[in-house]
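> Please see the structure below; I have some questions.
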Amino acid sequence: MSLYFNADTRRIERSSVHEPKRNRNVFLDVKPIADDANANVNVPPRQAARRNATVFNNRVGFPPLTPKEAFVDAVPADQTCMVFESSKPIYLVLRAIGVLPYTRLPSGGTAFVLASPSMTYCVLFFLLLTVYIAFILLNRIEIVRTLEGRFEESVIAYLFIVNILPILIIPLMWYESRKVVSVVNGWVDFETVYRETSGRALELRLRTKAQVIAILLPILCSLSVAITHVTMVDFKLLQVIPYCVLDTITYMMGGYWYMACETLSITAKILAEDFQRALRHVGPAAKVSEYRSLWLRLSKLARDTGFSTCYTFTFICLYLFFIITLSIYGLMSQISDGFGVKDIGLAVTAFCSVGLLFYICDEAHYASFNVRTNFQKKLLMVELSWMNTDAQTEINMFLRATEMNPSSINLGGFFDVNRTLFKSLLATMVTYLVVLLQFQISIPDEPSAMLMHSNSSHS
């Protein structure tokens, strides 16, 4: 390099009569290429590419990065997953009870790895819980076999066997953990595109809600099981711990669903507000196209939220339907004898199950409304008179995209999760309750049966 430089310098000096001196030192201030390469070590690819482009622009005289691009470069890589950080307390509890064996990567992403410490822990936890519940199940089956009371007492006894079914949620979530992780990583990509489009990070402010849910739900589940233990005669003390775990699994999945739907709702509102603000201050044609792309990503995330846990929440909805039917029947069958202390446990179980089923349906309905219907209202309220032809075309394409891309949360094609589902389940539940009550009326009580038998023998 030095020899070439010296030779080139001599050539310039010899031709200095014909060439101005300002051309002699044209490459003296250029930094070595190795420094730029070393500067990109341990830098995310997107930021490394932008840094190289910045250096090139400075060398050839192009204008520097815009404030929005500079803001994107200034954001550290570990702050690009606000959705995961907001729901992290719930994810930690789900992993602690063996439901969601995810693994956080050093790059900031999330993965599902079979040969990982989290998966090993979840398998051991599941095996221990299964062995414990197997002994409880044998005990409950023996109690059911020895029952000689009324029909409604047998139904209530079966209720405690049905309460063991949430253990199936664990293997179902293992099967769907890869899809759940894919949705989490999809949110990372969405946040990156949103930051580049709007020039600021996505602020959800849901961390406090997640912490309250992660702390309060296990406590309330344990309290409800303790109330059932106190009020039920056949409920042993050793059965409290596994039933607490099973109830916590069920209701923490409800907490996970609540946070997923709440994230969709808040993101849709923020996106709609940013879209209206962008139309007022900048040229609309390019911005409408960018926000249409963002909305399509959000719509896909809404569909993937239901698809990623379709088998698990289909099972949870059917399980809650079964539990509510048996609990309400147990309460209604005691009307003739009056309510006693043992009915408190049934009332608590029925109330909590109805509340969980309602929140699952209502939150999904609200999220779908905000992602699609509310966004369509914002588009229809846009004033088109001052826009050029390109901008009006983009608005019409945006409206067509909201109509052609469904944003409803569907459980893998089984059914849409909305308020209509809750209404349908309640209507079916009433039908089954009427059938059970009619069946109970048709069976005579034991004293009445003995009286009828004695009268027939005397005659």
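A Cβ is built for glycine as well, from the same backbone N, Cα and C atoms used for every other residue.
Because TrEMBL annotations are produced automatically, they should be read as predictions rather than curated entries.
From TrEMBL, for reference:
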type	residues	note
TRANSMEM	111-135	transmembrane segment
TRANSMEM	155-175	transmembrane segment
TRANSMEM	210-228	transmembrane segment
TRANSMEM	240-259	transmembrane segment
TRANSMEM	310-332	transmembrane segment
TRANSMEM	344-361	transmembrane segment
TRANSMEM	425-443	transmembrane segment
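Each of the listed features needs to be described in terms of its position in the shown structure.
Within the chain carrying the transmembrane segment (310-332), a Cβ under 8 angstroms from the stretch's Cβ atoms is held by residues 152, 155-156, 158-159, 162-163, 165-166, 168-169, 172-173, 175-176, 250, 253-254, 257, 339, 343, 346-347, 349-350, 353-354, 356-357, 360, 410-414, 417, 421, 425, 428-429, 432-433, 436-437, all 6 or more beyond its ends.
Tertiary neighbourhood of the transmembrane segment (344-361): same-chain residues 156, 159, 220, 224, 227-228, 230-232, 235, 250-251, 254, 257-258, 313, 316-317, 320-321, 323-324, 327-328, 330-331, 417-419, 421-422, 425, selected by CB-CB distance under 8 Å and a gap of 6+ residues from either end.
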> Cβ under 8 Å, sequence separation of at least 6 from the ends of the transmembrane segment (210-228): give me the contacting residues as numbers and ranges.
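Answer is 86-90, 92-93, 235, 240, 243-244, 247-248, 250-252, 254-255, 258-259, 344-345, 348-349, 352.
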> What residues in the same chain, six or more past the boundaries of the transmembrane segment (155-175), come closer than 8 Å to it by Cβ-Cβ distance?
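For the transmembrane segment (155-175), the list is 94, 98-101, 122, 126, 129-130, 133, 136-137, 140-141, 143-144, 147, 234-235, 243, 246-247, 249-250, 253, 309, 311-312, 315-316, 319, 322-323, 326-327, 329-330, 333, 346, 349, 436.
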> Quick test of the contact rule: Cβ under 8 Å, at least six residues beyond the ends. What residues does that give for the transmembrane segment (111-135)?
95, 97-99, 101-103, 105, 164, 167, 170-171, 174, 177-178, 180-181, 241-242, 245-246
